[in-house]
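Asks: Take this structure, written in structure tokens, and hold onto it; I'll ask about it next.
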Amino acid sequence: IAAMQPSTNWHLKENARDHHTSKFSSKELIVRRGQAFVVTFNGTEQPEQNLTFIVETGPKPSKLAKTQATFGISSTVSKESWSAVLQSTSSSSVSISISSPPNAVIGRYKLSVQSTSRDSSSPASLGTFVLLFNPWSSGDDVFMPNKAECEEYVLEEFGIIFVGNKNRISSFGWNFGQFQEDILNICLSMMDRSLSYRQDPATDVSHRNDPKYLGRVLSAMVNANDDQGVVLGNWSGNYEGGKSPSSWTGSGEILQNWKKSGFRPVRYGQCWVFAAVLTTVLRCLGIPTRTITNFSSAHDADGNLRVDEFYDASGNHLDRAADSIWNFHVWNESWFSRSDLGPSYSGWQILDATPQEESEGIYQCGPASRNAIKEGDVELDYDCPFVFAEVNADCMYWNYDTATGKKTLIFSQSTEIGQFISTKAVGRDDRVDVTNDYKYEEGSRKERDVFKKARKKLGLEDKFDPTAPTPQEIDQKPDISGKFKVAGPLEVGKDLNLTLVLANLQSDAKTVRVNMTAWSTVYTRRPVHGIWKDSISLTLSPKEEKQFPIKIPYIEYQQQLTTDNTIQVTALCHVEGGIQVLVQRDITLDNPTIDIQVLGEAKVNEEVDVEVIFTNPIDTEVTDCVLQVEGNDLLRGILEIAVPPLKAGEKSSTKFKLIPFETGPKHLVVNFSCDKFANIKTFKMVNVID
């Protein structure tokens, strides 16, 4: 063989079809483990019984580490190891069917062939191929019996991410683009740039058969902390020197930018960006993955299943605690079995690439079994206490005296955290609520029992906590109640109208001093700019309810708003002779809408016009208008169109052409920005026909 370099036919089309890898745009063979693929080669004058095949991956291939295998031609497929079965021979070529074991290491392999009859000959290389996880194969750790779920969670390139707050859930489209050119190579480079690989390449590669290992390593690599990973987080509200996190429309651009810059972290991301990029990477490698949004999500920094928030006497939300309650937080679930924990903990596993707390000294999180979270089994690997707190922590609201450092409990809440946990439906553009998969019904006996069980396992039941409120503090009852009601449209560009409703719960009159503030925040409820403050004093007759209209004009908040369009309004009520009452509301203002129309039928390889319409809703001109469009199988890369300035009330129409190159339901993802409105998003399903 050594005398002549064999030429190889990888049967790219047929193998890709059988292995669900046709969507990759690669000239290299990409197959899934635990399943046979066919390869034909010539240049061997030897009888085929004398052929030995060698597959190897990683920097130091070894049989012991299962990163190298040698095998001859056999009559049957082996379930446990690599094997080759003869398909056909002719005078000049041999076709064989090669099978890998269902627990093979994934990654790029070299395939060589050697003739056993001439011991002296060195192996001849047949080329390289890439091996991925196989959710369609029952022997694989990532096996997913439901085919429609495999289609959605591995092959679907479009996703919907839910954002906003618990009172008002909104969503936007995202282009995962896991099959775009070069994305697979970038995912393979990502594994080779991890800290585990740098410390011990051979051992790291030998663990790449295990989805829980790779999920954990990649949750660390998607954020820039520790390892020069893909995305740099920024929650300051100031995104100079990079792109605002809410301006991205897909993962492809982020991953390509990371590679193009010589693997320097891409600026900037927030939770949904980390989660979307991790979805792209894991779907690309064949691990079924989805994004999950948790509303009123706790970030419990000190592991006591309690989140503390502090307010000063004027009602300002103080940014002094490591703990916080986010309006929403986005993480991932990936589907695989947990041989380390037992079958009842298999299924969906939580991974979180947002850098919040260190785990084993690195910003990584998971996999935490979703079943373990629901049952309060927080001692199980990995990072269950942190995830359990995200959906279950109790909240404590304190008044903090900045002069003396004294804190007084205002009230505590045990049903606030972890609401409307959401993900995209399989095969439809709808929201599905999965809250009941994370916890028993809020307020039920079972839910409190699970919470106590978790506290006990974390050793919180037995030890005295000097920072915790006393039972007397927790049991104190307020004399008045209050709430903010929305009294008008919640839209950027319009005045914000609210009503503060205060009610006296007692049968004697109460005197109240109310200090009110409004701050612009980021979605993590971190205050950024003060917008408005006011205070009133009043007396409430027995059982009386009073309403106070509040108006915050657009001109007062316009300069202060962050790209999240969020405002936190707070009223701290000092009741004479009673305990303080905190009334607060997080408000997310809606951007104006943009409208997309496809003008005519979308057919493969034929031009079709698309029109995007935006009307300026405010009474000043908007400038610096930019439209960004992307969509797999509809256009290559990202289309950026500058839109001329729009006068007050003016309507703009922007047209562009598409030439779709695949049939089926495809999605256009659109982002429109200008000086007064940041990142107005929408998406449109386009059904492409033959």
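All residue numbers here begin at 1 and follow the chain in the order shown.
Glycine is no exception: its Cβ is also placed from the backbone N, Cα and C atoms.
Quick paste of what TrEMBL says about this protein:
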type: DOMAIN; residues: 263-355; note: domain 'Transglutaminase-like'
type: ACT_SITE; residues: Cys271; note: active site
type: ACT_SITE; residues: His329; note: active site
type: ACT_SITE; residues: Asp352; note: active site
type: BINDING; residues: Asn392, Asp394, Glu442, Glu447; note: Ca(2+) binding site
Asks: Minimum Cβ neighbour count within 10 Å among the recorded positions Asp352, Glu442: which residue?
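Replies: Among the recorded positions Asp352, Glu442, the sparsest Cβ neighbourhood within 10 Å belongs to Glu442.
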Asks: I'd like to know which of these binding-site residues, Asp394, Glu447, is least surrounded, judged by other CB atoms within 10 A.
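Replies: Ranked by other Cβ atoms within 10 Å, the binding-site residues Asp394, Glu447 bottom out at Glu447.
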Asks: If one looks at the chain holding His329 (active site), which residues at least 6 apart in sequence have a CB under 8 angstroms from its CB?
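Replies: Those within reach of His329 (active site), by Cβ under 8 Å and sequence separation of 6 or more, are Cys271, Thr293, Asn294, Ser297, His299, Thr354, Glu390.
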Asks: Could you check which of the binding-site residues Asn392, Asp394, Glu442, Glu447 is the closest Cα neighbour of Asp352 (active site)?
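Replies: Nearest by Cα distance to Asp352 (active site): Asn392.
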Asks: Compute the centroid of the Cβ atoms of Asn392, Asp394, Glu442, Glu447, then list the same-chain residues not in that set whose Cβ lies within 8 Å of it, in sequence order, for the Ca(2+) site.
Replies: Val391, Ser414, Thr415, Ile417, Gly418, Lys439, Gly443, Arg448, Phe451
Asks: Of all the recorded positions here, Cys271, Asn392, which one's CB has the most other CB atoms within 10 A?
Replies: Cys271
Asks: Can you tell me how the residues of the domain 'Transglutaminase-like' (263-355) break down into helix, strand and coil by DSSP?
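Replies: Across the domain 'Transglutaminase-like' (263-355), DSSP assigns the residues as follows: 18 helix, 41 strand, 34 coil.
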Asks: Restricting to the domain 'Transglutaminase-like' (263-355), what is the model's mean pLDDT?
Replies: 96
